[in-house]
Amino acid sequence: MDGPAGPSPCQLKGRGEVTESMERLSVDDSNSCQSDSCQCDRIQSEVKINNKRYGRGAVESGLTHECGVFGAIGTGEWPTQVDVAQVICLGLVALQHRGQESAGIVTSEGKSARTFNTHKGMGLINNIFNDEAMKKLKGNLGIGHTRYSTSAASEEVNCQPFVVHTAHGALAVAHNGELVNCSSLRKMVLGRGVGLSTHSDSELITQALCLNPPEGETDGPDWPARINHLMRLAPLSYSLVIMLKDKIYAVRDPYGNRPLCLGKILPLGSSFLMNGCAKNGLEDKAEGWVVSSESCGFLSIGARYVREVLPGEILEMSRRGVRTVDVVERPAGKYQAFCIFEYVYFARADSIFEGQMVYSARLQCGRMLARESPVDADIVSSVPESGTAAAHGYARQSGIPFMEVLCKNRYVGRTFIQPSTRLRQLGVAKKFGALSENVRGKRIVLIDDSIVRGNTIGPIIKLLRDAGAAEVHIRIASPPLKYPCYMGINIPTREELIANKVDSFKLAEYVGADSLEYLSVEGLVSAVHYNMKVAPSDGVGGHCTACLTGDYPGGLPDDIDW
(Lines of atoms letter the chains of each structure in order from A and count residues from 1; the text may use other names and numbers.)
(Lines give C-alpha, C1' and ligand atoms only; values in the text may rest on other atoms or scores of the structure.)
Protein backbone atom coordinates (compact mmCIF):
# COMPACT_ATOMS: atom_id res chain seq x y z
CA MET A 1 0.00 0.00 0.00
CA ASP A 2 1.39 3.35 -1.01
CA GLY A 3 1.97 5.98 1.62
CA PRO A 4 1.93 9.77 1.38
CA ALA A 5 3.58 11.69 -1.42
CA GLY A 6 7.32 12.15 -1.01
CA PRO A 7 9.82 14.97 -1.58
CA SER A 8 10.49 16.68 -4.87
CA PRO A 9 13.19 15.44 -7.27
CA CYS A 10 15.32 18.41 -6.25
CA GLN A 11 15.02 17.47 -2.59
CA LEU A 12 16.04 13.89 -3.37
CA LYS A 13 19.30 15.08 -4.98
CA GLY A 14 22.14 15.04 -2.50
CA ARG A 15 20.49 12.67 -0.07
CA GLY A 16 22.55 9.90 -1.57
CA GLU A 17 19.81 7.30 -1.78
CA VAL A 18 16.27 6.68 -2.90
CA THR A 19 14.04 4.94 -0.41
CA GLU A 20 12.35 1.73 -1.53
CA SER A 21 8.97 2.37 0.04
CA MET A 22 6.67 5.32 -0.42
CA GLU A 23 5.74 4.88 3.21
CA ARG A 24 9.24 5.98 4.21
CA LEU A 25 9.13 9.23 2.26
CA SER A 26 8.50 12.48 4.06
CA VAL A 27 8.13 16.07 2.98
CA ASP A 28 10.82 18.50 4.08
CA ASP A 29 9.44 21.92 3.21
CA SER A 30 12.44 23.64 4.75
CA ASN A 31 14.69 22.11 2.10
CA SER A 32 13.27 24.08 -0.81
CA CYS A 33 14.34 23.66 -4.43
CA GLN A 34 17.00 26.02 -5.75
CA SER A 35 16.84 25.13 -9.44
CA ASP A 36 15.38 27.80 -11.74
CA SER A 37 13.56 25.13 -13.71
CA CYS A 38 11.95 23.45 -10.71
CA GLN A 39 8.23 24.14 -10.37
CA CYS A 40 7.77 22.26 -7.10
CA ASP A 41 7.27 25.34 -4.94
CA ARG A 42 5.73 27.66 -7.52
CA ILE A 43 2.21 27.19 -6.34
CA GLN A 44 3.20 27.58 -2.70
CA SER A 45 4.24 31.16 -3.36
CA GLU A 46 1.09 31.87 -5.37
CA VAL A 47 -1.57 30.43 -3.09
CA LYS A 48 -2.03 30.98 0.59
CA ILE A 49 -4.58 28.83 2.36
CA ASN A 50 -7.12 30.86 4.25
CA ASN A 51 -7.70 29.48 7.73
CA LYS A 52 -11.43 30.02 7.22
CA ARG A 53 -11.34 27.04 4.87
CA TYR A 54 -10.81 24.75 7.83
CA GLY A 55 -14.01 23.61 9.46
CA ARG A 56 -15.92 23.50 6.17
CA GLY A 57 -16.04 19.73 6.23
CA ALA A 58 -13.35 17.20 5.36
CA VAL A 59 -10.88 19.76 4.13
CA GLU A 60 -7.82 18.26 5.77
CA SER A 61 -7.25 16.30 2.57
CA GLY A 62 -7.79 19.41 0.45
CA LEU A 63 -10.60 17.86 -1.59
CA THR A 64 -13.25 19.81 -3.44
CA HIS A 65 -16.42 18.47 -5.01
CA GLU A 66 -17.89 17.21 -8.23
CA CYS A 67 -21.64 16.81 -8.74
CA GLY A 68 -24.34 16.18 -11.31
CA VAL A 69 -27.46 18.28 -11.94
CA PHE A 70 -30.64 17.42 -13.84
CA GLY A 71 -33.90 19.17 -14.63
CA ALA A 72 -37.08 18.16 -16.47
CA ILE A 73 -40.32 19.86 -17.46
CA GLY A 74 -43.41 18.72 -19.35
CA THR A 75 -44.72 20.84 -22.21
CA GLY A 76 -48.29 21.58 -23.31
CA GLU A 77 -51.26 21.03 -21.03
CA TRP A 78 -50.64 20.16 -17.39
CA PRO A 79 -50.86 17.70 -15.74
CA THR A 80 -48.25 16.38 -18.13
CA GLN A 81 -48.12 12.81 -19.43
CA VAL A 82 -44.40 12.76 -18.62
CA ASP A 83 -43.55 11.17 -15.27
CA VAL A 84 -41.24 14.01 -14.30
CA ALA A 85 -39.98 12.50 -11.03
CA GLN A 86 -39.18 9.19 -12.72
CA VAL A 87 -37.38 10.97 -15.56
CA ILE A 88 -35.27 12.94 -13.08
CA CYS A 89 -34.49 9.83 -11.03
CA LEU A 90 -33.31 7.91 -14.10
CA GLY A 91 -31.35 10.95 -15.21
CA LEU A 92 -29.58 11.05 -11.85
CA VAL A 93 -28.82 7.33 -12.04
CA ALA A 94 -27.00 8.07 -15.31
CA LEU A 95 -25.04 10.78 -13.47
CA GLN A 96 -24.26 8.60 -10.44
CA HIS A 97 -20.58 8.45 -11.43
CA ARG A 98 -20.36 12.18 -10.65
CA GLY A 99 -21.14 11.67 -6.97
CA GLN A 100 -22.30 8.97 -4.61
CA GLU A 101 -22.65 10.65 -1.24
CA SER A 102 -26.15 12.10 -1.46
CA ALA A 103 -28.94 13.00 -3.85
CA GLY A 104 -32.19 14.92 -3.95
CA ILE A 105 -35.20 15.71 -6.14
CA VAL A 106 -37.56 18.69 -5.87
CA THR A 107 -40.74 18.89 -7.98
CA SER A 108 -43.50 21.44 -8.53
CA GLU A 109 -47.02 20.92 -9.80
CA GLY A 110 -46.96 24.43 -11.21
CA LYS A 111 -49.97 25.55 -9.18
CA SER A 112 -48.63 26.94 -5.93
CA ALA A 113 -45.63 29.22 -5.53
CA ARG A 114 -45.45 28.29 -1.85
CA THR A 115 -44.95 24.54 -1.82
CA PHE A 116 -42.55 22.14 -3.53
CA ASN A 117 -42.37 18.37 -3.14
CA THR A 118 -38.93 17.41 -1.84
CA HIS A 119 -37.05 14.22 -1.08
CA LYS A 120 -33.32 14.10 -0.24
CA GLY A 121 -31.03 11.65 1.45
CA MET A 122 -27.56 10.19 1.89
CA GLY A 123 -26.28 7.34 -0.25
CA LEU A 124 -26.89 6.01 -3.73
CA ILE A 125 -29.88 7.12 -5.78
CA ASN A 126 -31.53 3.70 -5.95
CA ASN A 127 -31.45 3.49 -2.16
CA ILE A 128 -32.86 6.98 -1.60
CA PHE A 129 -35.77 6.98 -4.05
CA ASN A 130 -38.01 4.03 -3.30
CA ASP A 131 -41.63 3.66 -4.46
CA GLU A 132 -43.00 5.52 -1.45
CA ALA A 133 -40.68 8.49 -2.01
CA MET A 134 -41.44 8.64 -5.72
CA LYS A 135 -45.22 8.76 -5.12
CA LYS A 136 -44.75 11.96 -3.11
CA LEU A 137 -42.79 13.67 -5.89
CA LYS A 138 -45.75 14.64 -8.03
CA GLY A 139 -45.15 17.46 -10.45
CA ASN A 140 -44.99 18.87 -13.94
CA LEU A 141 -41.42 20.07 -13.51
CA GLY A 142 -38.54 19.32 -11.22
CA ILE A 143 -34.80 19.36 -10.64
CA GLY A 144 -32.39 16.86 -9.13
CA HIS A 145 -28.85 16.63 -7.86
CA THR A 146 -26.33 13.92 -7.07
CA ARG A 147 -23.50 14.99 -4.85
CA TYR A 148 -19.92 14.31 -3.97
CA SER A 149 -18.39 16.94 -1.76
CA THR A 150 -16.00 18.01 0.88
CA SER A 151 -16.32 21.78 0.47
CA ALA A 152 -19.09 21.30 2.99
CA ALA A 153 -19.43 18.32 5.27
CA SER A 154 -20.98 15.10 4.03
CA GLU A 155 -24.22 15.55 5.96
CA GLU A 156 -27.88 15.50 5.03
CA VAL A 157 -28.23 19.22 5.76
CA ASN A 158 -25.95 19.87 2.77
CA CYS A 159 -27.91 17.68 0.36
CA GLN A 160 -29.18 19.48 -2.72
CA PRO A 161 -31.31 20.85 -4.29
CA PHE A 162 -31.55 23.70 -1.78
CA VAL A 163 -35.02 25.17 -1.29
CA VAL A 164 -35.69 28.62 0.15
CA HIS A 165 -38.98 30.46 0.59
CA THR A 166 -38.93 34.04 -0.62
CA ALA A 167 -41.54 36.80 -0.59
CA HIS A 168 -42.36 35.74 -4.14
CA GLY A 169 -42.59 32.01 -3.52
CA ALA A 170 -40.35 28.99 -3.25
CA LEU A 171 -37.03 28.73 -5.08
CA ALA A 172 -34.97 25.56 -5.59
CA VAL A 173 -31.35 25.42 -6.80
CA ALA A 174 -29.01 22.57 -7.74
CA HIS A 175 -25.36 23.41 -8.40
CA ASN A 176 -22.35 21.70 -9.95
CA GLY A 177 -19.04 23.48 -9.42
CA GLU A 178 -17.43 25.65 -6.78
CA LEU A 179 -17.49 29.42 -6.51
CA VAL A 180 -14.01 30.87 -6.88
CA ASN A 181 -14.87 33.96 -4.83
CA CYS A 182 -17.04 32.15 -2.27
CA SER A 183 -15.55 34.03 0.68
CA SER A 184 -16.23 37.55 -0.61
CA LEU A 185 -19.71 36.59 -1.84
CA ARG A 186 -20.50 35.10 1.56
CA LYS A 187 -19.49 38.36 3.24
CA MET A 188 -21.74 40.31 0.89
CA VAL A 189 -24.76 38.07 1.51
CA LEU A 190 -24.26 38.08 5.28
CA GLY A 191 -23.81 41.85 5.13
CA ARG A 192 -27.31 42.11 3.64
CA GLY A 193 -28.70 40.47 6.78
CA VAL A 194 -29.24 37.06 5.19
CA GLY A 195 -28.50 34.06 7.42
CA LEU A 196 -26.74 30.93 6.11
CA SER A 197 -27.33 27.53 7.68
CA THR A 198 -24.50 25.63 5.93
CA HIS A 199 -21.00 26.19 4.57
CA SER A 200 -22.07 25.10 1.09
CA ASP A 201 -21.54 27.63 -1.67
CA SER A 202 -24.65 26.13 -3.29
CA GLU A 203 -26.77 27.52 -0.45
CA LEU A 204 -24.90 30.79 -0.92
CA ILE A 205 -26.01 30.88 -4.56
CA THR A 206 -29.59 30.21 -3.53
CA GLN A 207 -29.60 33.07 -1.02
CA ALA A 208 -27.83 35.43 -3.42
CA LEU A 209 -30.63 34.89 -5.94
CA CYS A 210 -33.07 36.25 -3.37
CA LEU A 211 -31.36 39.66 -3.47
CA ASN A 212 -32.78 42.39 -5.67
CA PRO A 213 -30.63 43.26 -8.71
CA PRO A 214 -28.92 46.72 -8.67
CA GLU A 215 -31.29 48.15 -11.29
CA GLY A 216 -34.25 47.26 -9.12
CA GLU A 217 -37.58 45.58 -9.93
CA THR A 218 -40.88 47.28 -10.70
CA ASP A 219 -43.38 44.49 -11.34
CA GLY A 220 -42.44 41.51 -9.21
CA PRO A 221 -39.17 39.59 -9.29
CA ASP A 222 -37.10 39.70 -12.47
CA TRP A 223 -35.43 36.31 -12.18
CA PRO A 224 -33.26 36.59 -15.34
CA ALA A 225 -31.95 39.91 -14.00
CA ARG A 226 -31.23 38.32 -10.62
CA ILE A 227 -29.40 35.42 -12.27
CA ASN A 228 -27.46 37.87 -14.43
CA HIS A 229 -26.47 39.81 -11.30
CA LEU A 230 -25.28 36.61 -9.61
CA MET A 231 -23.23 35.66 -12.67
CA ARG A 232 -21.48 39.02 -12.64
CA LEU A 233 -20.77 38.68 -8.93
CA ALA A 234 -19.46 35.12 -9.39
CA PRO A 235 -18.05 34.52 -12.90
CA LEU A 236 -17.10 30.88 -12.23
CA SER A 237 -17.43 27.98 -11.67
CA TYR A 238 -20.92 26.54 -11.94
CA SER A 239 -23.69 24.94 -13.86
CA LEU A 240 -27.05 25.62 -12.25
CA VAL A 241 -30.62 24.45 -12.52
CA ILE A 242 -33.01 26.88 -10.81
CA MET A 243 -36.68 26.03 -10.33
CA LEU A 244 -39.58 28.38 -9.66
CA LYS A 245 -43.29 27.53 -9.52
CA ASP A 246 -43.65 26.92 -13.25
CA LYS A 247 -40.21 27.50 -14.81
CA ILE A 248 -36.71 26.13 -14.79
CA TYR A 249 -33.64 28.20 -15.59
CA ALA A 250 -30.53 26.37 -16.82
CA VAL A 251 -27.39 28.43 -16.31
CA ARG A 252 -23.75 27.91 -17.25
CA ASP A 253 -20.94 30.17 -16.09
CA PRO A 254 -19.46 32.59 -18.68
CA TYR A 255 -16.27 30.52 -19.00
CA GLY A 256 -18.20 27.33 -19.72
CA ASN A 257 -16.09 25.59 -17.11
CA ARG A 258 -18.70 23.07 -16.00
CA PRO A 259 -20.78 21.06 -18.48
CA LEU A 260 -24.51 21.41 -19.09
CA CYS A 261 -26.60 20.23 -22.03
CA LEU A 262 -30.18 20.32 -23.31
CA GLY A 263 -32.33 17.40 -24.40
CA LYS A 264 -35.83 16.94 -25.77
CA ILE A 265 -38.34 14.31 -24.62
CA LEU A 266 -40.16 12.96 -27.66
CA PRO A 267 -43.35 10.87 -27.84
CA LEU A 268 -42.89 7.12 -27.47
CA GLY A 269 -42.50 5.45 -30.84
CA SER A 270 -40.72 8.38 -32.47
CA SER A 271 -37.90 7.31 -34.76
CA PHE A 272 -35.41 9.59 -33.10
CA LEU A 273 -32.67 7.18 -32.06
CA MET A 274 -29.96 8.58 -34.31
CA ASN A 275 -26.94 8.11 -32.06
CA GLY A 276 -28.79 10.13 -29.45
CA CYS A 277 -28.37 13.35 -31.42
CA ALA A 278 -30.85 15.64 -33.10
CA LYS A 279 -30.30 16.62 -36.71
CA ASN A 280 -31.11 20.21 -35.91
CA GLY A 281 -32.64 19.75 -32.48
CA LEU A 282 -35.98 21.46 -33.06
CA GLU A 283 -37.82 19.71 -35.90
CA ASP A 284 -39.97 17.35 -33.77
CA LYS A 285 -42.71 18.19 -31.29
CA ALA A 286 -41.54 17.78 -27.70
CA GLU A 287 -43.40 16.21 -24.81
CA GLY A 288 -40.92 17.81 -22.49
CA TRP A 289 -37.42 19.17 -22.06
CA VAL A 290 -34.51 18.04 -19.93
CA VAL A 291 -31.22 19.60 -18.95
CA SER A 292 -28.31 17.62 -17.54
CA SER A 293 -24.63 17.79 -16.63
CA GLU A 294 -24.08 15.06 -19.23
CA SER A 295 -26.04 13.64 -22.13
CA CYS A 296 -25.30 10.00 -21.26
CA GLY A 297 -28.72 9.38 -19.70
CA PHE A 298 -30.88 10.91 -22.44
CA LEU A 299 -31.59 7.74 -24.41
CA SER A 300 -32.68 5.86 -21.28
CA ILE A 301 -35.44 8.41 -20.64
CA GLY A 302 -36.57 8.75 -24.25
CA ALA A 303 -34.85 12.08 -24.78
CA ARG A 304 -32.68 13.29 -27.63
CA TYR A 305 -29.58 15.39 -27.25
CA VAL A 306 -30.14 18.85 -28.73
CA ARG A 307 -27.14 21.00 -27.80
CA GLU A 308 -24.98 22.31 -25.00
CA VAL A 309 -26.04 25.26 -22.91
CA LEU A 310 -23.68 27.98 -24.08
CA PRO A 311 -21.12 29.59 -21.76
CA GLY A 312 -22.86 32.46 -19.97
CA GLU A 313 -26.29 31.46 -21.26
CA ILE A 314 -29.46 31.72 -19.18
CA LEU A 315 -31.92 29.25 -20.70
CA GLU A 316 -35.59 29.40 -19.67
CA MET A 317 -37.64 26.19 -19.75
CA SER A 318 -41.42 26.41 -19.45
CA ARG A 319 -44.53 24.51 -20.59
CA ARG A 320 -44.30 26.56 -23.81
CA GLY A 321 -40.79 25.37 -24.64
CA VAL A 322 -37.27 26.70 -24.23
CA ARG A 323 -35.73 30.07 -24.99
CA THR A 324 -32.52 31.96 -24.30
CA VAL A 325 -33.30 34.96 -22.12
CA ASP A 326 -29.76 36.30 -21.68
CA VAL A 327 -26.09 35.60 -22.33
CA VAL A 328 -23.53 36.98 -19.87
CA GLU A 329 -20.21 37.71 -21.56
CA ARG A 330 -16.82 36.87 -20.14
CA PRO A 331 -14.53 39.67 -19.00
CA ALA A 332 -12.57 41.26 -21.85
CA GLY A 333 -9.57 39.23 -22.94
CA LYS A 334 -10.72 36.04 -21.20
CA TYR A 335 -11.29 32.80 -23.09
CA GLN A 336 -13.68 29.89 -22.79
CA ALA A 337 -12.30 27.35 -20.33
CA PHE A 338 -14.22 24.08 -20.40
CA CYS A 339 -12.61 21.68 -17.93
CA ILE A 340 -10.36 19.33 -19.91
CA PHE A 341 -10.44 16.86 -17.03
CA GLU A 342 -14.05 16.03 -17.92
CA TYR A 343 -12.60 14.32 -20.99
CA VAL A 344 -9.81 12.65 -19.00
CA TYR A 345 -11.76 11.18 -16.13
CA PHE A 346 -15.09 12.46 -14.90
CA ALA A 347 -17.52 12.16 -17.77
CA ARG A 348 -19.08 8.90 -18.90
CA ALA A 349 -17.64 7.72 -22.21
CA ASP A 350 -20.95 8.02 -24.09
CA SER A 351 -21.52 11.65 -23.15
CA ILE A 352 -21.23 14.36 -25.80
CA PHE A 353 -19.15 17.50 -25.27
CA GLU A 354 -18.37 20.10 -27.92
CA GLY A 355 -19.88 17.97 -30.68
CA GLN A 356 -17.84 14.84 -29.95
CA MET A 357 -18.29 11.77 -27.81
CA VAL A 358 -15.99 11.55 -24.80
CA TYR A 359 -14.97 8.05 -25.92
CA SER A 360 -13.50 9.37 -29.18
CA ALA A 361 -11.40 11.96 -27.32
CA ARG A 362 -10.05 9.30 -24.97
CA LEU A 363 -9.32 7.01 -27.92
CA GLN A 364 -7.30 9.81 -29.52
CA CYS A 365 -5.45 10.40 -26.24
CA GLY A 366 -4.27 6.80 -26.43
CA ARG A 367 -3.09 7.29 -30.01
CA MET A 368 -1.12 10.39 -29.02
CA LEU A 369 0.34 8.57 -26.03
CA ALA A 370 1.58 5.75 -28.29
CA ARG A 371 3.29 8.30 -30.54
CA GLU A 372 4.92 10.12 -27.65
CA SER A 373 5.88 7.15 -25.45
CA PRO A 374 6.28 3.89 -27.41
CA VAL A 375 7.56 0.72 -25.74
CA ASP A 376 8.21 -2.88 -26.80
CA ALA A 377 5.55 -5.11 -25.29
CA ASP A 378 3.35 -8.14 -25.91
CA ILE A 379 -0.05 -6.70 -24.97
CA VAL A 380 -1.72 -3.40 -24.19
CA SER A 381 -4.30 -3.26 -21.42
CA SER A 382 -6.03 -0.78 -19.17
CA VAL A 383 -7.05 0.01 -15.65
CA PRO A 384 -10.83 -0.24 -16.19
CA GLU A 385 -12.89 1.54 -17.01
CA SER A 386 -11.95 5.11 -17.82
CA GLY A 387 -8.53 4.01 -19.10
CA THR A 388 -9.97 1.49 -21.55
CA ALA A 389 -10.71 3.82 -24.48
CA ALA A 390 -7.18 5.25 -24.34
CA ALA A 391 -5.77 1.71 -24.19
CA HIS A 392 -7.62 0.80 -27.40
CA GLY A 393 -6.21 3.93 -29.03
CA TYR A 394 -2.68 3.04 -27.88
CA ALA A 395 -3.10 -0.51 -29.21
CA ARG A 396 -4.36 0.66 -32.62
CA GLN A 397 -1.57 3.20 -33.01
CA SER A 398 1.22 0.90 -31.82
CA GLY A 399 0.01 -2.32 -33.47
CA ILE A 400 0.30 -4.16 -30.14
CA PRO A 401 -2.84 -6.24 -29.43
CA PHE A 402 -5.23 -5.20 -26.67
CA MET A 403 -6.06 -7.77 -24.00
CA GLU A 404 -7.80 -7.45 -20.65
CA VAL A 405 -5.61 -8.19 -17.64
CA LEU A 406 -7.73 -6.83 -14.77
CA CYS A 407 -11.17 -7.97 -13.66
CA LYS A 408 -13.07 -5.23 -11.91
CA ASN A 409 -15.51 -5.65 -9.05
CA ARG A 410 -18.21 -3.31 -10.32
CA TYR A 411 -19.84 -2.94 -6.92
CA VAL A 412 -16.95 -0.99 -5.42
CA GLY A 413 -17.04 2.81 -5.73
CA ARG A 414 -14.47 4.83 -7.66
CA THR A 415 -11.41 5.34 -5.47
CA PHE A 416 -10.70 8.86 -6.74
CA ILE A 417 -13.85 10.39 -5.30
CA GLN A 418 -14.05 8.72 -1.92
CA PRO A 419 -13.16 11.39 0.63
CA SER A 420 -11.34 9.17 3.14
CA THR A 421 -7.76 8.06 2.43
CA ARG A 422 -8.43 4.84 4.32
CA LEU A 423 -11.46 4.11 2.10
CA ARG A 424 -9.44 4.85 -1.03
CA GLN A 425 -6.72 2.42 -0.04
CA LEU A 426 -9.17 -0.29 0.95
CA GLY A 427 -11.01 0.29 -2.30
CA VAL A 428 -7.91 -0.50 -4.36
CA ALA A 429 -7.31 -3.73 -2.48
CA LYS A 430 -10.79 -5.10 -3.15
CA LYS A 431 -11.48 -3.48 -6.52
CA PHE A 432 -9.51 -5.64 -8.98
CA GLY A 433 -8.50 -9.19 -9.71
CA ALA A 434 -5.85 -10.30 -12.24
CA LEU A 435 -6.65 -12.46 -15.28
CA SER A 436 -3.58 -14.63 -14.73
CA GLU A 437 -3.85 -16.58 -18.00
CA ASN A 438 -3.59 -13.32 -19.95
CA VAL A 439 -0.82 -11.95 -17.74
CA ARG A 440 1.63 -14.79 -17.19
CA GLY A 441 4.96 -14.22 -18.96
CA LYS A 442 3.73 -11.12 -20.79
CA ARG A 443 5.28 -7.68 -21.20
CA ILE A 444 2.32 -5.42 -20.47
CA VAL A 445 1.64 -1.79 -21.33
CA LEU A 446 -0.95 -0.75 -18.75
CA ILE A 447 -2.89 2.42 -19.55
CA ASP A 448 -4.51 4.51 -16.83
CA ASP A 449 -6.29 7.83 -17.17
CA SER A 450 -4.44 9.72 -14.44
CA ILE A 451 -2.26 9.52 -11.36
CA VAL A 452 -3.27 11.77 -8.49
CA ARG A 453 -1.75 10.74 -5.17
CA GLY A 454 0.12 7.72 -6.49
CA ASN A 455 -1.30 5.33 -3.92
CA THR A 456 -3.50 3.22 -6.20
CA ILE A 457 -1.29 2.20 -9.13
CA GLY A 458 1.33 0.44 -6.96
CA PRO A 459 -1.02 -2.28 -5.64
CA ILE A 460 -2.28 -2.89 -9.18
CA ILE A 461 1.27 -3.40 -10.47
CA LYS A 462 1.98 -5.79 -7.60
CA LEU A 463 -1.20 -7.68 -8.46
CA LEU A 464 0.00 -8.15 -12.04
CA ARG A 465 3.50 -9.19 -11.00
CA ASP A 466 2.07 -11.70 -8.55
CA ALA A 467 0.04 -13.08 -11.46
CA GLY A 468 3.24 -13.63 -13.46
CA ALA A 469 3.73 -10.48 -15.56
CA ALA A 470 7.25 -10.29 -17.02
CA GLU A 471 7.21 -6.48 -17.36
CA VAL A 472 4.71 -3.77 -16.49
CA HIS A 473 5.03 -0.44 -18.31
CA ILE A 474 2.66 2.28 -17.11
CA ARG A 475 1.38 4.87 -19.58
CA ILE A 476 -0.86 7.67 -18.32
CA ALA A 477 -3.33 9.15 -20.82
CA SER A 478 -3.10 12.62 -19.28
CA PRO A 479 -0.30 14.95 -18.15
CA PRO A 480 0.99 15.06 -14.55
CA LEU A 481 -1.44 16.70 -12.13
CA LYS A 482 0.53 19.45 -10.41
CA TYR A 483 -1.91 22.09 -9.23
CA PRO A 484 -5.05 22.12 -7.08
CA CYS A 485 -8.44 22.87 -8.56
CA TYR A 486 -10.76 25.37 -6.91
CA MET A 487 -13.50 25.08 -9.53
CA GLY A 488 -15.30 21.96 -8.45
CA ILE A 489 -13.16 18.94 -9.32
CA ASN A 490 -11.76 16.51 -6.82
CA ILE A 491 -8.09 17.34 -7.29
CA PRO A 492 -6.37 17.67 -3.92
CA THR A 493 -3.79 20.02 -2.48
CA ARG A 494 -0.30 20.47 -3.89
CA GLU A 495 1.16 18.43 -1.05
CA GLU A 496 -0.92 15.39 -2.04
CA LEU A 497 -0.15 15.51 -5.77
CA ILE A 498 2.59 12.97 -6.43
CA ALA A 499 3.78 14.71 -9.60
CA ASN A 500 5.08 17.57 -7.44
CA LYS A 501 7.23 15.17 -5.44
CA VAL A 502 8.92 12.81 -7.88
CA ASP A 503 9.47 12.68 -11.63
CA SER A 504 8.19 9.84 -13.79
CA PHE A 505 11.44 7.84 -13.51
CA LYS A 506 11.50 7.82 -9.71
CA LEU A 507 7.74 7.30 -9.56
CA ALA A 508 8.14 4.19 -11.74
CA GLU A 509 10.69 2.85 -9.26
CA TYR A 510 8.49 3.62 -6.26
CA VAL A 511 5.37 1.95 -7.65
CA GLY A 512 7.26 -1.03 -9.05
CA ALA A 513 6.85 -0.35 -12.78
CA ASP A 514 9.48 -1.01 -15.43
CA SER A 515 8.72 2.43 -16.89
CA LEU A 516 6.16 5.18 -16.48
CA GLU A 517 5.33 8.01 -18.89
CA TYR A 518 2.61 10.66 -19.12
CA LEU A 519 0.84 12.19 -22.09
CA SER A 520 2.05 15.75 -22.66
CA VAL A 521 -0.22 18.77 -22.20
CA GLU A 522 0.16 19.49 -25.92
CA GLY A 523 -0.77 15.90 -26.71
CA LEU A 524 -3.91 16.05 -24.56
CA VAL A 525 -5.09 19.34 -26.05
CA SER A 526 -4.43 18.05 -29.57
CA ALA A 527 -6.38 14.85 -28.85
CA VAL A 528 -9.38 16.76 -27.50
CA HIS A 529 -9.37 19.13 -30.49
CA TYR A 530 -9.01 16.33 -33.02
CA ASN A 531 -12.71 15.44 -33.33
CA MET A 532 -14.28 18.72 -32.24
CA LYS A 533 -16.98 19.88 -34.66
CA VAL A 534 -15.94 23.51 -34.32
CA ALA A 535 -12.24 24.33 -34.36
CA PRO A 536 -11.15 26.39 -31.31
CA SER A 537 -10.83 30.05 -32.28
CA ASP A 538 -11.59 33.51 -30.95
CA GLY A 539 -11.96 32.23 -27.41
CA VAL A 540 -14.47 29.53 -28.41
CA GLY A 541 -13.61 25.92 -27.68
CA GLY A 542 -10.88 26.74 -25.18
CA HIS A 543 -10.13 24.42 -22.30
CA CYS A 544 -9.07 24.85 -18.70
CA THR A 545 -5.76 23.10 -18.01
CA ALA A 546 -5.15 24.75 -14.64
CA CYS A 547 -4.57 21.47 -12.78
CA LEU A 548 -1.85 20.63 -15.31
CA THR A 549 -0.25 24.01 -16.02
CA GLY A 550 -1.23 26.35 -13.18
CA ASP A 551 -2.87 28.69 -15.70
CA TYR A 552 -6.20 29.45 -14.04
CA PRO A 553 -8.85 30.88 -16.40
CA GLY A 554 -9.99 33.63 -14.04
CA GLY A 555 -6.65 34.11 -12.33
CA LEU A 556 -6.13 33.52 -8.63
CA PRO A 557 -8.46 35.75 -6.59
CA ASP A 558 -7.13 37.42 -3.46
CA ASP A 559 -9.70 35.77 -1.21
CA ILE A 560 -9.31 32.20 -2.44
CA ASP A 561 -10.03 29.96 0.52
CA TRP A 562 -8.31 26.66 -0.06
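For all residues, glycine too, the Cβ spot is worked out from N, Cα and C.
Quantities reported herein were computed from a predicted structural model and do not represent experimental measurements.
Copied over from TrEMBL:
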ACT_SITE  CYS67  active site, nucleophile
BINDING   CYS339, CYS485, CYS544, CYS547  [4Fe-4S] cluster binding site
BINDING   SER386, ASP448, ASP449  Mg(2+) binding site
DOMAIN    67-320  domain 'Glutamine amidotransferase type-2'
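The separation of CYS485 ([4Fe-4S] cluster binding site) from ASP448 (Mg(2+) binding site), Cα to Cα, is 21 Å. Counting every protein chain shown, 28 other Cβ atoms lie within 10 Å of the Cβ of CYS544 ([4Fe-4S] cluster binding site). CYS339 ([4Fe-4S] cluster binding site) and the residue listed as 'active site, nucleophile' have their C-alpha atoms 14 Å apart, to the nearest angstrom. In space, CYS485 is the closest of the binding-site residues ASP449, CYS485, CYS544 to CYS67 (active site, nucleophile), judged by Cα positions. It is 19 Å from the Cα atom of CYS547 ([4Fe-4S] cluster binding site) to that of SER386 (Mg(2+) binding site). Take the CB of CYS485 ([4Fe-4S] cluster binding site) and look out to 10 A: across all protein chains shown you find 22 other CB atoms. Taking only the Cα positions, the spacing between ASP449 (Mg(2+) binding site) and CYS544 ([4Fe-4S] cluster binding site) is 17 angstrom.
Spatially close to SER386 (Mg(2+) binding site) yet at least six residues away along the chain are VAL344, TYR345, ALA349, ARG362, ASP449, judged by Cβ distances under 8 angstroms. Averaged across the domain 'Glutamine amidotransferase type-2' (67-320), pLDDT in this predicted model comes to 88. Neighbour counts of Cβ atoms within 10 Å were compared for the binding-site residues ASP448, ASP449, and the top value is held by ASP449. Around CYS339 ([4Fe-4S] cluster binding site), a 10 Å sphere centred on its CB holds 28 further CB atoms from the protein chains shown. Taking the Cβ of CYS67 (active site, nucleophile) as centre and 10 Å as the limit, one finds 26 other Cβ atoms among all the protein chains shown.
Of all Cβ atoms in the shown protein chains, 27 besides its own fall within 10 Å of the Cβ of CYS547 ([4Fe-4S] cluster binding site). Sequence-ordered, the extra residues of this chain that approach the Mg(2+) site, with Cβ no more than 8 Å from the Cβ center of SER386, ASP448, ASP449, are VAL344, TYR345, SER382, VAL383, GLY387, ALA390, ILE447, SER450, ILE476, ALA477, SER478.
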